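In what follows, a single structure is set out as structure tokens and then discussed.
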Amino acid sequence: MDTQFLVSLSIILATFALYIGIAIYNKAKETSEFYVAGRGVPPIFNGMAIGADWMSAASFIGMAGTIMLLGYDGLAYIMGWTGGYLLLTFLLAPQLRKYGRYTVPEFIGDRFDSHTARILAAICTIIISFTYSIGQLSGSGVVIGRLFEIDAKIGTMIGAVLIAFYAAFGGMKGITWTQVAQYIILIIAYLIPVIFMSLQLTGNPMPWISYGELVGKMGELDRELGISEYFAPFTNGTKWQFLALMFTLMAGTAGLPHVIVRFYTVSTMKAARWSGAWALLFIGLLYLSAPAYAAFSRFILMTQVAGSKIAELPAWTKTWVDTGKLQVADDNGDGVLQWNELIISNDIVVMATPEIANLGMFVIGLVAAGAMAAALSTAGGLMIAISSAFAHDIFYRVLKPNSTEKTRLSVARWSIVIATLLAGLIALNPPGAITQIVAWAFALATGTFFPALVLGVWWKRSNSQGVIAGLLVGLGVTLAYIFAAKYGGFTILGIIDTGAGVFGAAAAFAANIAVSLMTAAPSQKIQEEVMDLRYPEQMVYKDGEVWMNEDGSKSV
Amino acid sequence: MKKIDKKAADSYFREKTRNMIIYFAIGFLASFGVVFFAEPLSDITINGFPFHYFMGAQGAVLTFIILLFVNAKMGDAIDRKYGIDENKNEQISSGKVLDH
């Protein structure tokens, strides 16, 4: 165990040194570098950075386990979290890039020409990103705590200090290149164990092709045991809950401020389009592998662990039983562990796989480093989103428009430090399970930003009164449904709190459209700016006509 | 600055919107459509998987990735057809950005 600790520690320290080195090398000197990395990030690398930003501790540690426990119903996460990139890349990313601002609240404030909408959007950004970051910090606390065999709370604090340091120091420019490195480390760490497991179980090094057979075989095993088949649909909730959760995760993806701002870091609409495609390819590598992890782990547990004598369980089960994440109670006292006597927490599937498959301590350390990369990179992106909403949208655009660049940068850095430490404090006693907290953040993004941005980009008639009504109604309905479903037992068609976004979005769209139509149309200038988003940079919409900017001159 | 024929400008937007609607329809069928008909589709088997499980775990994700690359490629082709020059886009874009 001591050698294992040293190996894991050195791998994690080596990767940290790499991230910090990159952050120092790319230290942001100007405001535009701090927020949008000077807008010069090439699409492939931006795709990797989006991938690292996107794949959080919940994706890396929790998703495979969720699918293992929920079976088919867990696949709503796979389709929801990837399908969102269609909405984002088709409906929002290139258009928002052409509009050319720093942040999402800035787009909403300028597009609707309203400081009220700007502040409301900044507050929504802070609420959503802050909720999400609590989940990340408690995730990193679990990894650090388990690794160093210290209390998860101390682990959380170490994580918070680390994130505060490099996000505040490097800004977006540092973070983007750090995230490229983090993507590479986390994807290698995720793929190596699943490839080896596939080799051991099926003799085929391609887990994506080989695990289909096992899924079928497990269905037979389940039938023999008399439990519902692994792949049987809707065993853990209604079909409507599946569809609502999938929609919430998709629309939430398209409305998360820290993901949208990634598309501001590229040079053009074309680059935004390609960034979206590359990002989903890189994200897909992990998301296509998660169900394979789930199937392999479940198969090993069913065939090699269940059915063996309690006294003769493999050595790795002992360590995990000690953490409380695995329970092997011999309920009927026959000395043999039955499948239904095995209780597994969904957090341990990925973390325990290297031990289950006996892959050696280097791989165990690598997986821990990958999980840390996933938690840190997402938290870093979230912190930039929070700091820009406060320092840029509230402080600079509303409170102190005359402040110097130096003041603004230092307000941005300090707001990162304060937000991280505050999130770290709350993460010491998180208000819910990690996946639950993350699902709430998505529901809130679906109920607020998704309708506001889609209508803002595609409907020129949407005005400031409409967007303010939409944001307030969407936020209110989403929060009300989450609380009513979670604590009051109120559900519609069996849709529980994680699917709340569907109602928030519907109400927000309706409120935005109704109020916009009842009040005066936006100014001619704003309507033309919205029409302009239909065309590439070189085409300009002006005075009801489209003009071609042939020589590429900057001012039009 | 040269004025573009209203028809050409409209057809640029129409072509892009039409493609987008087609991509959305395909993506919607691959995800929501398959979920909606999960039970009847589960009798079909692909590579050992029941069809609905295959689509949820792999088919839908692969469809999304392919759609995004097709969109990026087709978007470039439409831009070329209407004489859009990416280098000039970059120049214009870096100047039009509100820098503050």
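Each Cβ is built from the backbone N, Cα and C atoms, and glycine gets one as well.
Just so you know, TrEMBL annotations are computer predictions that nobody has curated.
According to TrEMBL, the features are:
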{"type": "TRANSMEM", "residues": "A:6-25", "note": "transmembrane segment"}
{"type": "TRANSMEM", "residues": "A:45-69", "note": "transmembrane segment"}
{"type": "TRANSMEM", "residues": "A:75-94", "note": "transmembrane segment"}
{"type": "TRANSMEM", "residues": "A:115-134", "note": "transmembrane segment"}
{"type": "TRANSMEM", "residues": "A:154-171", "note": "transmembrane segment"}
{"type": "TRANSMEM", "residues": "A:240-264", "note": "transmembrane segment"}
{"type": "TRANSMEM", "residues": "A:276-296", "note": "transmembrane segment"}
{"type": "TRANSMEM", "residues": "A:359-390", "note": "transmembrane segment"}
{"type": "TRANSMEM", "residues": "A:411-431", "note": "transmembrane segment"}
{"type": "TRANSMEM", "residues": "A:437-459", "note": "transmembrane segment"}
{"type": "TRANSMEM", "residues": "A:466-484", "note": "transmembrane segment"}
{"type": "TRANSMEM", "residues": "A:490-515", "note": "transmembrane segment"}
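Counting Cβ pairs under 8 Å to the transmembrane segment (A:466-484), the stretch among A:6-25, A:240-264, A:437-459, A:490-515 with the most such contacts is A:490-515. Taking every listed stretch (A:75-94, A:115-134, A:240-264, A:276-296, A:490-515) in turn, the largest tally of C-beta pairs under 8 A with the transmembrane segment (A:45-69) is reached by A:276-296. Against the transmembrane segment (A:490-515), the recorded stretches A:6-25, A:115-134, A:276-296, A:359-390, A:437-459 differ in Cβ pairs under 8 Å, and the greatest number is found for A:437-459. As a quick check, the transmembrane segment (A:359-390) and the transmembrane segment (A:276-296) miss the bar of 3 or more Cβ pairs under 8 A, pairs 6 or more apart, so the two do not touch. The stretch in A:75-94, A:115-134, A:411-431 that contributes the largest number of Cβ pairs under 8 Å to the transmembrane segment (A:276-296) is A:75-94. In this chain, the transmembrane segment (A:411-431) lies close to the transmembrane segment (A:115-134): three or more C-beta pairs between them fall below 8 angstroms, excluding pairs fewer than 6 positions apart.
Long-range neighbours of the transmembrane segment (A:115-134) within the same chain, counting only residues 6 or more positions beyond its ends whose Cβ lies under 8 Å from a Cβ of the stretch, are 56, 103-106, 108-109, 256-258, 378-379, 382-383, 385-386, 389-390, 393-394, 397-398, 419-420, 422-423, 426-427, 430-431, 437-438, 440-441, 444-445, 448-449, 452, 464, 467-468, 471-472, 475. Long-range contacts of the transmembrane segment (A:75-94) within the same chain, counting only residues at least 6 positions beyond its ends with a Cβ under 8 Å from a Cβ of the stretch, are 54, 59, 63, 66-67, 242, 245-254, 259-260, 263, 269-270, 272-273, 275-277, 279-280, 283-284, 287, 290-291, 450, 453-454, 457-458.
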